Amino acid sequence: MAARGECRRAGQDSEPEPEREPESEPGPEPEPQAGLESGEAFEIVDRSQLPSPGELRSASRPRVADSWSAPILTLARRATGNLSASCGSALRAAAGLGDGGGGGERAASKGQMMEERANLMHMMKLSIKVLLQSALSLGRSLDADYAPLQQFFVVMEHCLKHGLKVKKSFIGQNKSFFGPLELVEKLCPEASDIATSVRNLPELKTAVGRGRAWLYLALMQKKLADYLKVLIDNKQLLSEFYEPEALMMEEEGMVIVGLLVGLNVLDANLCLKGEDLDSQVGVIDFSLCLKDAQDLDSGREHERITDVLDQKNYVEELNRHLSCTVGDLQTKIDGLEKTNSKLQEELSAATDRICSLQKEQQQLREQNEVIRERSEKSVEITKQDTKVELETYKQTRQGLDEMYSDVWKQLKEEKKVRLELEKELELQIGMKTEMEIAMKLLEKDTHEKQDTLVALRQQLEEVKAINLQMFHKVQSAESSLQQKNEAIASFEGKTTQVMSSMKQMEERLQQAERARQAAEERSHKLQQELSGRGSALQLQLSQLRDQCSGLEKELKSEKEQRQALQRELQREKDTSCLLQTELQQVEGLKKELRELQDEKAELRKVCEEQEQALQEMGLHLSQSKLKMEDIKEVNKALKGHTWLKDDEATHCKQCEKDFSISRRKHHCRNCGHIFCNTCSSNELALPSYPKPVRVCDSCHTLLLQRCSSTAS
């Protein structure tokens, strides 16, 4: 197993190195696939030119005889062995092409593809490790002429060409890795800028040059790993360009994507020259695998020194940021003290204003009480006046009721008299036949009675008109005086009863006229019989005339009573007008009371707003004190944090799962401990970093709570 290589950088993610794999035992060399072109994945190198493992051991010093256990040399030995085996098998396959059957060729091609994938994986790990180590020692900004960077692009190009299908066209066969890279534009819209800029370069004439330019631009954007991950996730589209056993179609592709994430710490400034990109020949440099143990020891010491320097730089940056934060906090404290003094002055002014407003409020209350007492007195006086008027009105109404009862009794008596007269008329009709002269007199008397009846009818109509006028006047009095509605309603009911009784009397008079007509008809028949009874009838007629005169006198008295009632109604109207004026005065007093109440409510609102402002000022002061205490606690906590080394962590601190190739190490920028990707996937902006950085779950929740408390 190859030991895990380490690459550290203060303030950046730590990249795990692959564990050592068991060395492949030498077996039967697989035959190459028929039609395989030489130099498809690698250039063929003469095996005799490569140093053997024995020569390497003899070349090294005696004290480092066991140095092959080191990670770089072990990987170099495996890479040289695999490459030499693949080259030898390719030469033998070229010599004995066509000897094996179809099944043997497939098995040999699969074995060869597996060996090539393993070799490319080891070379990719070595190139990335050497690139990161050299970049961290010299500086993280790289140019296009940097040898480890060029070697990385060569290995990356071989990885993308591995297992690539050959496309036939009219011109000939075309085999370029720019075709799969064009798919990234469809899968990830962010890569459209790279594709368009590569197509618009006029100096690029070949597809290989465009593919290399695409890799340069993706590395400069620090999104090479993201784009390749999107491409590998869509293997159905990749199957159109790659064989099933290709490196991009197997698990090694995801491992390479994980290794490429570590290159995001580097800043590359690459120049895109079309001639250089089109004419470059991708040759893998195996001199990286031939470092001695002394360089390895010096590399370890250099790594330790860089770790110590990174820790020192981290602590210095922390102290610098803490000093900056302390200065900012001191300025904030000064500003808060100034604002506190201003707020205290405003508070004293507000208290003076409140005292003056309270005095004004007390004066307004006293004025309000005086006005209220006056209004209450005026209301009581008006109530007493209305009570007296109501009592007088009730008394007048009782008198009217008594008068109406007397009139009703008189009408009943008249009805009785009329009934008696009808009876007497019947008797007289029986006696009218005695004398014609008496009948003439009776006719004259009847004409006179008709005249009197007409006069009585006219008087009744006048009484009706008067009653209607009274009714309308009572309705107007009801609208002005609501308290007298019930009395007027009862009065109207009684008037309607009188009207109904008058109508009944008219109907009875009509019946009497009809009876009189019948009596006249009978009188014609009984003229002979009434001739002897004329004197008696004259006496009776005189009596009837006396009764009619008495009825006329009673009607005159009723008219006088009606006139008296009209006068009383006029007086009541005058009193109602006076009451309306008094009610208007009361309404004016009510409006003044409402205005005073509104002013009082506005003053209360002003007082409440000033009290709320004072409360808010107190809350702001308490919150500023709490913020100061929180900032002091944060400074204390930051001073106690230490940056944990990669060697000291073998498992995640939160989920306690062991780290591996797929589960990488990540530092929390707040507490300095190491976590896996799932436990430290959150990003927050810290005061010591200009951009959002990786933070563990516990620190994420704690920082969010602090932010929410400060925001509230």
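Glycine residues also receive a Cβ, built from the backbone N, Cα and C atoms like all the rest.
Annotated in Swiss-Prot:
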- 1-23: compositional bias 'Basic and acidic residues' (COMPBIAS)
- 325-378: coiled coil (COILED)
- 409-621: coiled coil (COILED)
- 504-527: compositional bias 'Basic and acidic residues' (COMPBIAS)
- 646-704: zinc finger (ZN_FING)
- Cys652, Cys655, Cys676, Cys679: Zn(2+) 1 binding site (BINDING)
Return the count of C-beta atoms lying within 10 angstroms of the C-beta of Cys679 (Zn(2+) 1 binding site), excluding that atom itself.
20
Check: same-chain CB within 8 A of Zn(2+) 1 site center, minus Cys652, Cys655, Cys676, Cys679:
His651, Lys653, Gln654, Glu656, Lys657, Arg663, Phe675, Asn677, Thr678, Ser680
Number of other Cβ atoms within 10 Å of the Cβ of Cys652 (Zn(2+) 1 binding site) across all protein chains:
22
Could you tell me how many residues in the compositional bias 'Basic and acidic residues' (504-527) are helical, how many are strand and how many are coil under DSSP?
22 helix, 0 strand, 2 coil
What's the most sparsely packed of the binding-site residues Cys655, Cys676, counting other C-beta atoms within 10 A?
Cys655
For the zinc finger (646-704), what does DSSP give as the number of helix, strand and coil residues?
11 helix, 14 strand, 34 coil
